[in-house]
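Taken from TrEMBL, the feature compositional bias 'Low complexity' applies to A:143-154. Under the heading compositional bias 'Polar residues', TrEMBL lists A:155-172. Taken from TrEMBL, the feature compositional bias 'Basic and acidic residues' applies to A:176-186. According to TrEMBL, the domain 'Response regulatory' annotation covers A:10-133. Sequence annotations record features per position, and here TrEMBL assigns 4-aspartylphosphate to A:ASP66. Feature annotation from TrEMBL assigns region 'Disordered' to A:134-198.
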Amino acid sequence: MAIVADSQYHVLAVDDSLMDRKLIERLLKTSSYQVTTVDSVSKALEFLGLLDGQQHEIDVNLIITDYCMPGMTGYDLLKKIKESSSLKDIPVVIMSSENVPSRINRCLEEGADEFFLKPVRLSDMKKLRPHILKGKSKEQQQQEEQQQQQQQQQPLLNTCSNGTLLNTCSNGNKRKATDEGLSPERRRPRFSTSHSLL
Amino acid sequence: MASAALNEQLASLMDSMYQEGLLDEQFQQLQSLQDESNPCFVMEVVTLFCDDAERIFTELDKLMSQPVVEFQQVDAYIHQLKGSSSSVGAQNVKLACVQFRHSLEENDREGCLQALNMVKREYLHLRGKLETMLQLEQRIQDYDKQKK
């Protein structure tokens, strides 16, 4: 398994507070991650390609999101990610300024990998790497499984006893319909200038 | 003024701010995130905090002056301010916000107005000291640059 440097890992941070976005961005960059920040769950969903119903090549290795946000909450984002077949293996970390055990448990039960109490500190950043690595190995496992499935469906070439090649047909190449709508370029988040608070 | 004297002034200002509870260790975290590649980080975060706080005070003044106060909206704004104070290390402002939220539970307009004034007072006190701090830092930087 190739060891990838941290600078190649990409984290998506979601927080409606400009100040907290600045802080989390600095913390992540100091820890050598590539960072994209968005100010709402809907922008995050757009960035992750979940809004237009098409498959995208998303290379986000971890999502860190505030819990309390106007509109959709971090919990809602967590659920959407876990419901998505393409994104469910991406580790999700929830941040909150309030220490509410029932909230924490709810998130962990829904599949959040970690819960950070705000203000988030530099020492918290160390906790991210194991989750990213786990997510990467799940992704690799999934890719290997897909490759195996594809191999099984390849046409089999057999030679018969007198040496001529027999072409035995496969059941039809069932490839995943990923060709449509694949956008190779990374989507850039659009920052809104207005703060819609409530 | 010599650099040593400026540095001393800055150090004693910072000491007093920590001792009075104006700042807590979160502010030190912010300072540790500042370096040559991000020399203005603290100033930028402080500026964002002040902009945020003042925007929130404007909205709160509007809400509190309504004939019927929408306490839920007031609470949402104070929650935001409590969050940003916590993120910047503004301890006394954060505590004043916590107090405010207690008085909100009473749904008592007078009590809330008093609590809001307390939050504003703490904020203005902190802002004054932060401005002095940033000015001193700037003077020290300028002085050090001149010397080189």
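For all residues, glycine too, the Cβ spot is worked out from N, Cα and C.
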Local Cβ density at A:ASP66 (4-aspartylphosphate) - other Cβ atoms counted within 10 Å: 26
Per-residue pLDDT averaged over the domain 'Response regulatory' (A:10-133), given as an integer: 94
